[in-house]
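Database features, via TrEMBL:
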COMPBIAS  186-203  compositional bias 'Basic and acidic residues'
REGION    180-203  region 'Disordered'
REPEAT    63-95  repeat 'ANK'
Amino acid sequence: MTSTTQAEELTDKNLEAYITRLVSEKANWTPLLFATYDGAIDDVKAIVAQEGDAAIHHALKAEGTTPLIVAAEKGDILIVKELLGKDASISLQNKAGKTARDVALANKHAAVVTAIDESQLTGPKLYQAVYRNDIDAVRALLERGADPTWKTVAGKMPIDIARGDPAILALLEERIAANNTAKPKGTKETKRPKAKENKCQIM
């Protein structure tokens, strides 16, 4: 089922029900937060298709919670993977200073913790975080082992699109230098070592 079809199936009645709950229960909750809380995966997909990335990354000012944090706390692995697949930020924190991974770990949702960890270890995720100028996500990805020399099919690395952000550029250069230092003796040091071939179509 395409995202367009899913969006069409999100009826006015469903939206009205969510709006009613916004007013009567939690005035500052978004439709996506309610759909996530209810475990309504089809509505989650439809709302994201309608509202775009803003719905995924929206964090409540009062509570600091996000759809990903709500799904992680409930242990809803399907919605967690759906949101991670849409590049939901793993670095945002709730008012208690906890990330989605933190709440999943506290509630012993091992599958969710694993999914979040795996989402951080990919080159595309690091590249996207650099593109968004999300320094917290970049730092978290690097700390968990993301490869700073991963290349797109166009041959671009995260460092190539970080030139306009000195802080992010410094993080990437520091990690590349550290990786070079850790190489066995006799290995030629390069600032931009060749990354493993990746067929991801990020340009």
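Counting starts with 1 at the first residue shown.
In case you wondered, yes, glycine gets a Cβ from its N, Cα and C as well.
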## Note on the structure
Taking DSSP H, G, I as helix and E, B as strand, the repeat 'ANK' (63-95) contains 17 helix, 0 strand, 16 coil
### Query
the repeat 'ANK' (63-95): mean pLDDT?
89
